[in-house]
Amino acid sequence: RITILPHGTLRILNASKSDEGRYSCQGVNVFGSAEIIASVSVKEPTRIELTPKKIELTVGESIVLSCKALHDGTLDVTFYWTLNGQPIDFEKEGGHFESIKAQASSADLMIRNILLMHAGRYGCRVQTAADTVSDETELLVRGPPGPPGVVIVEEITDTTATLSWSPGADNHSPISLYNLQARSPFSLGWQTVKTVPDVIGGDMESAMAVDLNPWVEYEFRVVATNKIGTGDPSAPSRMIRTNEAVPKTPPANVSGRSGRRHELVIAWEPVSEEFQSGEGFGYIVAFRPNGTRGWKEKMVTSSDASKFIYRDESVPPLTPFEVKVGVYNNKGDGPFSPIVVICSAEGEPTAAPIDVKATSLSVSEILVAWKHIKESLGRPQGFEVGYWKDMEQEEAAEKVKTEGNESSILLTGLEGNTLYHLTVRAYNAAGYGPPSTAVQAATKKSPPSQAPSNVMWIQEGSHVSLGWEPVRPLANESDVMGYKVLLRQEGQSNSQVIETQKTSAVVLLPDVGVYIIEVCAVSEGGDGTASPQIRVPSFPGGKVTSAQSTLHVLSTSSSSVTLLLALMVPSTSW
């Protein structure tokens, strides 16, 4: 049990407490001797227990691994955690791992929200000054399947594709079924496709996608499912195009459209490229007068076409036709749409409006009114009014339209004191009818540019008496028909209007405050320039003493405004 080795080392096997003590080693030669002393302490061996020993968990679950140490009480212990032999870096594991040390002789490892990557051998190593011991446990993580292997297109027809693939990892839960998905330029991302068989079992590695559209490019992928869930999809297959076939989808919403006289306008919704099934796609338009037997067919070679116009001078307006639209491509003719009945165009209006009247309202406005003869054909959708100045040609006329059954329109933005010629004509989708006989109307002269001058006012209580000199218009301005007094309270936008044909007026100030007063001339051409604003206070109680009654005059004979105040009582100070 105790041996001295050739190089002088002392080896003690199966040490026990009786081996504790001081050991001396002495070396001797002809020159003398040397000695060293070693002190030996024998400690209890460290033992650990790591639980649980074998764990099976599902992705998303959590677990606590417990490591307990039995050791000599005189020694400190340190715990270390490993995964597959590598130290766990608690700072870099995204919060999945946490080391918990509740007691000096035990430590726990918390694993939260377990992922597939967390499966493996977990080790707990306990180290003291005397020895190091470790233990391991196996953690198995079940999860959804991994992505299947490469998807290969084995065979392709016009509506089917036979696919094969290799299984991916089942992640400790057997694969129960597969799902086939396809993507084309016309789909919204990946879509599940019908297959043969309907249900693809987990032990299968091939299936047929059916009900595909001919002459469409597809990519395919496979997704596996087990009891835990559905895994990530495989990588997409190479893009393939299904074979051509005779088209099976006719146009939708076949209907009539407005056109010119003697026209039959047939419209439809174009068939999407997804359903054209091959190259050389076009339309076959078939029609016949209602009640006849033979169909007349016309080819439309553009795949984007949405309308066909058939013109025949012998076709009366609003003649009913039976119409259907079919499809074709290089593989042959497809089906026709259901038969619908539509009518030939009724044509543009044939009658001109009558009793056209033009009335001048102001310097820039003319009201135009008319009547229209009701027609059985060429019914109007609205009317167009053309107007031009006396010195201009009709070709330069400006135009404005109405919609529906309107029988009048107000023209605005015209030049003042100007003679206009006006015509009215009806219109619809087929075109324009004949114009009415031209009528004339002249806009009013411009309103007076001169403002009322020398405005005088006197305030007595809540009443204000106003007077001013008459406005004399220029030769190219409208005659004065009267005057307007505009009254509003300061800070307000709405004005009270008092009209008079005299050059004086009395206004009432209803509330306490400061009022703004303006005066302007009224003419056929509109309101003239307003006088400078007058600011008049209204006193509490509605009364003004004799000392407060004051005559005020605004002189506007020049470009400046002069305020003259004549005191009606003496000895008033300012």
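Using N, Cα and C of the backbone, Cβ positions are placed for all residues, glycine too.
Annotated in TrEMBL:
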DOMAIN    45-134  domain 'Ig-like'
DOMAIN    147-245  domain 'Fibronectin type-III'
DOMAIN    250-347  domain 'Fibronectin type-III'
DOMAIN    352-446  domain 'Fibronectin type-III'
DOMAIN    448-541  domain 'Fibronectin type-III'
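Per DSSP, the secondary structure of the domain 'Fibronectin type-III' (448-541) breaks down as 2 helix, 54 strand, 38 coil.
Residue counts for the domain 'Fibronectin type-III' (250-347) under DSSP, split into helix (H, G, I), strand (E, B) and coil, are 3 helix, 49 strand, 46 coil. For the domain 'Ig-like' (45-134), the DSSP-based tally of helix, strand and coil residues reads 3 helix, 50 strand, 37 coil. Summed and averaged per residue, pLDDT over the domain 'Fibronectin type-III' (250-347) gives 94. For the domain 'Fibronectin type-III' (147-245), residue counts in helix, strand and coil come to 0 helix, 41 strand, 58 coil, using DSSP.
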